[in-house]
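Novice: Pulled these features from TrEMBL for this protein:
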DOMAIN    8-92  domain 'Cytochrome b5 heme-binding'
TRANSMEM  114-134  transmembrane segment
TRANSMEM  140-159  transmembrane segment
TRANSMEM  243-265  transmembrane segment
TRANSMEM  285-305  transmembrane segment
Amino acid sequence: MEVVEKEKKYITSEELKGHNKEGDLWISIQGKVYNVSDWVKEHPGGDVPISNLAGQDVTDAFIAYHPGTAWSHLEKFFTGYHLSDFKVSEVSKDYRKLASEFSKLGLFDTKGHVTSCTLASVAVMFLIVLYGVLRCTSVWAHLGSGMLLGLLWMQSAYVGHDSGHYVVMTTNGFNKVAQILSGNCLTGISIAWWKWTHNAHHIACNSLDHDPDLQHMPVFAVSSRFFNSITSHFYGRKLEFDFIARFLICYQHFTFYPVMCVARVNLYLQTILLLFSRRKVQDRALNIMGILVFWTWFPLLVSCLPNWPERVMFVLASFAVCSIQHIQFCLNHFAANVYVGPPSGNDWFEKQTSGTLDISCASSMDWFFGGLQFQLEHHLFPRLPRCQLRKISPLVSDLCKKHNLPYRSLSFWEANQWTIRTLRTAALQARDLTNPAPKNLLWEAVNTHG
C-alpha cells in the first residue's frame, strides 16, 4: 500500500486553478484530477458548466448532475494527478451522504406518473382550445380558450424542464421527442436554448455576472452592483447601465408585472437568435423544425378568430396566464442573496441555499407550480423527479438548520412582496443621479435582501 502511495503524483489546489482557460480545462472529483479540455465540446450539458467550474474540485456539482453510471467514464480523462490538499467540508459530507441515501432508496428512478398525466392534460387542453376557437362564436369562449392555452404552455414547459434534467420517458430517444414536443412544438421555446441558459443558471446560481437568469439589463436589476456596468461572462458583453437602463430600472417595481405579461416575446427572440447563430447547438435542425411547427399552428389558430380585437385579446390572455410561471421563476431568485464572480465548487451546497427561495403551498397545488416551488430542493438534487421534492423537503430543511444555512419558504404572496421590495430598493438607488454606485456596503446590506 505504501508503494502505491509513493507512486501517486500530486498537485495543489492553487496549481489546479491555473487550468481554467479554453483548451486547458482541468477539474477535480473526489481529489482525482481530470483533463476535460477536449470533452467540453461533447459534454451533453454544454460547455458553460465546465468552463465556469474549471480549475476547482467539482465533486458536489458532479454528484448533483450525473447518475452513478457516469463515474465509469471518468477514468479516460484522468491526468494521473491527485490533489495534495483535498479536503471535504462537513456540509459537503452531509450533502453527499443525503444524495447517496436517496439513490439507495431509488428516489432518482421513481418518477411516478407525473409526465404521462401532464402530457395527457396538455393534450386535453389543446383539444379544448381548438374547439373553443374553431367551433365557438362567443367572445367569452375565445377569451377562455386563450387563458387555457396559457395554462397549457405552463404545464408543457414543466415537462420540457423535467425531461431536460432527467429521463422522463422509457428511453433517451423518446425523452428527446418529449423535449422537442413540449418545448419547441407546443411553446415555441427551444429546448436547446433552455439547456444552454438553464445549466449555466444552476451552476452559477445568483452570480450577477455568470447567471443569465439575473441578467435582464436594461429592464430589471436586482442589485445596485449592476450600476457599475458589469460584464456578463455568459453573454460575453458588458451590461451597460446607461440613460435608458437607469430610466427603466427607476420604475421596475411598477413595470415588473406588465413586463412579465409579455416576457414570452423575449424568449421567442432568444430562441431564434441562438438557433441561427454561429454557436454550436445540439440538434440544431431538430430544434428549428420544432420551432417551425409552433410558428405554423399558433398563427393559424389565431387567424381563425373572427376579428383583430379578439385575436389580440386571445394572445394577451394566453401570455398573461403564462406570466404566472415567469413570475414564479423570478420569485425563486430575485430576492435571494447575490454575488459577483464565478461559482465555486467548494461551497456548492452553501451557494444553492443562499441563492434560492422556496414557495410554500398545499400539496394539491404541486401540479400548478410543477414542483419548482421546492426550488432549493430542485437545485440541490436536479435529477430528482418532481414527485419526490416534497418528500425530501424536511430533510433538506434539517440539513440547513444543522449547518446554520438559510432555508426560506415563503407563501406566494410573501415571495411577491420580497421581490417587489428588492426591485424597489434597486430602483430608488438608481434614482440617485449624483451617486449611481451603492452609497456604501452597509447601506446596501440594510436595504437589500441578501
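The backbone N, Cα and C atoms fix where each Cβ goes, glycine too.
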Novice: Using DSSP, how many residues in the domain 'Cytochrome b5 heme-binding' (8-92) fall into helix, strand and coil?
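Specialist: Helix (H, G, I), strand (E, B), coil: 34 helix, 22 strand, 29 coil.
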Novice: Under an 8 Å Cβ to Cβ limit, what residues of the same chain, 6 or more beyond the ends of the transmembrane segment (285-305), are close to it?
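Specialist: Those are 129-130, 133-134, 142, 176, 180-181, 183-188, 190-192, 271-272, 275, 311, 314-315, in sequence order.
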Novice: How about long-range neighbours of the transmembrane segment (114-134): same chain, 6 or more residues beyond its ends, C-beta under 8 Å?
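Specialist: For the transmembrane segment (114-134), the far contacts come to 141-142, 144-145, 148-149, 151-152, 155-156, 158-159, 162-163, 168-169, 178, 182, 186, 301, 304-305, 314, 367, 385-387.
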